[in-house]
Amino acid sequence: MGEAPEIQLQILDENTVELEPQTIGSINQSTITTRPRNYKWWLLMAIYTFFLLAGQSVATLLGRLYYDKGGNSNWLATFVQIAGFPILTPLYYLPSYNSSSQDTKNSNMKINPPSVLVLSGMYVGLGVLLAASCRLYSAGLSDLPVSTYSLICASQLAFNAFFSFFLNSQKFTPFIINSLVLLTISATLLVFQNDSSGSTPVPKGKYVMGFLCTVAASAGYGLMLSLTQFCFQKVLRKQTFKVVLDMIIYPSLVATLIIFVGLFASGEWKGLGKEMEGFKLGKSSYVNVLVWIAICWQVFSIGAVGLIMEASSLFSNVISTLGLPIIPVFAMVFFHDPMTGIKVISMVLAIWGFVSYVYQHYLDDRNSGLGKV
């Protein structure tokens with residue numbers, strides 16, 4: 001058995017201890033992964049899960065509605081995915097969210113915060129990746145039936161697992177590997193058919209382009225989730241709701257500026273007035289659809305980042321994948337997307353892959369004893 005790492009401390013006063021930088025990472029890593037899973041933790045996880053699933057499902061369906069009823073600006077569709085972050089700022093003033101059990105445990109330890117330069121680089125990097133992923137997602141959603149689009153998004157789990165292996169030391173077990181294989185096959189099946197007959201017809205070339213854009217967006221989103229977890233563990237080293245808001249608002253601000261420039265540089269802004277006039281549901285519905293898309297994606301962001309902080313990026317992505325079979329059902333009802341045999345098989349494989357991952361999570365909890373109150 002190897003020697004325990006030496007912990008170097010600097011005494012600041014009789015109640016405060018400062019950790020040297022080389023010891024912070026290992027201490028924080030163990031603290032984050034062993035947070036007690038009592039009823040409060042499970043309740044918080046349930047709230048974050050509801051936010052993620054509800055926000056993702058409603059926002060995706062409204063995004064498809066925007067395109068089906070006359071919207072055609074991919075830059076505007078991308079902009080509303082990100083630009084709703086100001087509605088989250090009042091949450092900074094909720095005192096009950098400014099502390100956590102994590103901070104209580106570490107109240108006697110002073111951990112040096114990252115520099116402004118490090119934080120700026122982190123937020124800018126995540127913001128650029130967020131802007132690119134959202135732009136590709138918008139291109140995919142504009143060219144694909146919403147049911148097909150949502151199932152292809154399941155591939156983000158495989159990308160996230162790949163990046164988590166290198167960035168977050170994610171361990172792969174037979175159940176996790178089985179989950180990733182099934183979800184990858186589930187998404188790949190959909191490239192072999194063009195089932196756009198239920199909504200606006202899509203040419204074969206646009207269908208393939210939409211598929212490629214959605215897969216590329218899924219890869220970027222998977223990388224962003226892994227980087228977000230890495231930043232929580234290695235840079236921020238905190239578990240508070242304020243940190244969750246910071247990780248949403250600051251990258252969103254950067255991404256909004258990028259997309260705003262793209263909207264004007266592309267010239268699409270010139271046609272927005274005409275687009276509103278020609279929207280099949282009317283001007284007020286046009287505005288309402290865009291506003292609610294923005295709100296729903298922010299609700300989704302709270303859930304996704306909260307799950308990353310409380311569990312892991314892969315867990316957050318698995319919950320997101322769980323919601324994907326929900327969307328084709330609503331798409332069949334509201335957009336009359338056909339539920340073909342290949343799509344049903346794809347849904348079954350996606351659910352099977354999710355159950356495989358959840359079972360591995362159950363085994364981890366049982367073996368570690370973390371599930372006890």
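For all residues, glycine too, the Cβ spot is worked out from N, Cα and C.
Record features, source TrEMBL:
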TRANSMEM  41-63  transmembrane segment
TRANSMEM  75-95  transmembrane segment
TRANSMEM  116-138  transmembrane segment
TRANSMEM  144-163  transmembrane segment
TRANSMEM  175-192  transmembrane segment
TRANSMEM  207-232  transmembrane segment
TRANSMEM  244-265  transmembrane segment
TRANSMEM  285-307  transmembrane segment
TRANSMEM  314-335  transmembrane segment
TRANSMEM  341-359  transmembrane segment
Segment-segment contact (the transmembrane segment (75-95); the transmembrane segment (341-359)) at 3 or more Cβ pairs under 8 Å: no
Feature contact check the transmembrane segment (41-63) with the transmembrane segment (244-265), CB under 8 Å, 3 or more pairs: no
When counting Cβ pairs under 8 Å to the transmembrane segment (116-138), the leader among 41-63, 144-163, 207-232, 285-307, 341-359: 207-232
Same-chain residue ranges lying at least 6 outside the transmembrane segment (41-63) that approach it to Cβ under 8 Å: 35, 77, 81, 138, 141, 146, 149-150, 289, 292-293, 296-304, 306-307, 310-311, 316, 319-320, 322-323, 326-327, 330-331, 334-335
Remote residues contacting the transmembrane segment (144-163) - C-beta distance under 8 A, at least 6 residues beyond either end: 60-61, 63-64, 170, 172, 176, 179-180, 183-184, 186-188, 190, 195-196, 198-199, 202, 207, 210-211, 214-215, 217-219, 221-223, 225-227, 313-314, 317-318, 320-321, 324-325, 327-328, 331-332, 335, 337, 339, 343, 346-347, 350, 353
